[in-house]
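This report concerns only the one structure given below.
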Amino acid sequence: MSARQTVRVELGARSYDVMVGEGALESAALHLAGLCPNGRAFLIADRIALAHHRDRLMATLEAAQVRPEIIEIEGGEGAKNWTRLQQVTEALLEHNIERNEPVIAFGGGTIGDLAGFAAAIVKRGTRFIQIPTTLLAQVDSSVGGKTGINTAQGKNLAGAFHQPALVIADTGFLLSLPRRELAAGYAEIVKAGLIGDHALYERLEEAGSQALSLPYLTGFIAASVQFKADIVAEDEREAGRRALLNLGHTFGHAFEAEAVPGTLVHGEAVAAGMVLALRYSERIGTAPEGSAARVARHLREAGLPTGPRALPGGPYSAERLVERMDGDKKNSGGAITLILSRGLGEAYIRPGADRDDLTAFLREELHDR
Ligand SMILES: NC(=O)c1ccc[n+]([C@@H]2O[C@H](COP(=O)([O-])OP(=O)(O)OC[C@H]3O[C@@H](n4cnc5c(N)ncnc54)[C@H](O)[C@@H]3O)[C@@H](O)[C@H]2O)c1
Ligand SMILES: O=C(O)C(=O)C[C@@H](O)[C@H](O)[C@H](O)COP(=O)(O)O
Ligand SMILES: [Zn+2]
């Protein structure tokens, strides 16, 4: 497996590279210089990631002759709210950012989503660069241009599509990442396999506990990014097929919205959500019996929760979860749309879920098992 790979996201004039692997940061210096015509950039940085990797980051910016204005933010879901959005947006305006001067997100998915949304609205859109520092952000959130914040009503309910001009996914940043966060990111890699890449899913199972070690990870990160890039190139704004990337998220986002704040991380909610999506698919007869159990076993080995009762942040109520699902962005005609499965590696979009059956299903999952 090679140490560095580049995946191209093909979006016409807005195409961009995702540079993956150890040393991707240093090798991107020239590219960065080209994206900072005034020698200035606006670094919206996760406080912890910056504390670990400041010297490396600053050395590369210096090599690119870029002077950063640094805005430090606490990572976590607490970053994705109206207050932080206002703070970041006003800070950028205070610095009188110009449209071709990049906002650089340095951190996990929460920093990327917040910074990207600010970049999308400041002066109606400024250049944006992602330097993801969590596994989750490297395999998923830094690619594809979804940006946004949470609202009182739920996850990611205000936002914009705003593609980055460059993504630098340097695996060296993952060395300081806590094990729990590594596992959370792994859930989104498994998701890619489950949606449409059965061979990837099998490789993950074969790798077992090794999958999360760095030599394996670069290949798995690049595979997940390539998988997502192909879908985004085909359906940038989720008019259809892109909704498949929401496997596990209709349930997962409901759990996140209901969880005690600060207790549940996105990848864990997605892991449990994917197992529920598979179990529900078995219930309605579209996925073969045993699919959910097989995936649950694999996720559990990676240290992820695989059912609602094991999920941090509860206890959860079936009725309240379904109410949250009523607000999901994929819904139409007042009915809940689910992403379900026909088997490992074949997800599909199912509009018009039976609300009563869904509630009964969740009640059973929460109490009877
Ligand atoms: N836009 C998208 O397409 C998309 C896709 C998937 C997920 N998301 C969003 O991403 C968010 C989750 O992202 P996340 O899992 O990266 O969480 P996160 O941004 O909260 O980061 C997780 C934790 O790791 C810390 N951290 C970050 N980098 C570190 C490093 N290198 N070393 C040590 N600690 C580090 C952070 O401070 C934080 O405490 C959710 O809000 C989710 O909705 C968005
Ligand atoms: O990029 C996408 O499309 C995804 O659905 C990726 C998800 O992993 C991610 O969590 C995304 O933020 C969810 O999007 P949302 O539209 O359901 O808020
Ligand atoms: Zn996700």
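Every residue number used here counts from 1 along the chain in the order it is shown.
Keep in mind that glycine also has a Cβ here, set from the backbone N, Cα and C atoms.
For 71-183, the entry in TrEMBL reads domain '3-dehydroquinate synthase N-terminal'.
Under the heading NAD(+) binding site, TrEMBL lists Thr133, Thr134, Lys146, Lys155. Under 8 Å, Cβ to Cβ, and six or more positions away along its own chain, Lys146 (NAD(+) binding site) finds Asp113, Gly116, Asn156, Gly159, Phe161.
Summarising the annotation, TrEMBL assigns domain '3-dehydroquinate synthase C-terminal' to 185-331. Mean pLDDT across the domain '3-dehydroquinate synthase C-terminal' (185-331) comes to 97 in this model.
According to TrEMBL, the feature Zn(2+) binding site maps to Glu188, His249, His266. DSSP assigns His249 (Zn(2+) binding site) to a helix. Around His249 (Zn(2+) binding site), the same-chain residues at least 6 positions away in sequence with a Cβ under 8 Å from its Cβ are Val270, Gly273, Ile339.
Local packing around the Cβ, expressed as the count of other Cβ atoms within 10 angstroms, is greatest for His266 among the binding-site residues Lys155, His266.
Checked against ligand 2, the binding-site residues Thr133, Thr134, Lys146, His249 give Lys146, His249 as the ones with a Cβ under 6 Å from it, listed in sequence order.
Neighbouring residues of the recorded Zn(2+) site, listed in sequence order and excluding Glu188, His249, His266, comprise Leu136, Asp140, Ala187, Lys191, Gly248, Gly252, Gly267, Ala269, Val270, Gly273 (Cβ within 8 Å of the Cβ centroid).
Mapped onto DSSP helix, strand and coil, the domain '3-dehydroquinate synthase N-terminal' (71-183) counts 50 helix, 31 strand, 32 coil.
Under a cutoff of 8 A between CB atoms, and with a sequence separation of 6+ in the same chain, the neighbours of Glu188 (Zn(2+) binding site) are Leu136, Val139, Asp140, Ser224, Gly267, Val270.
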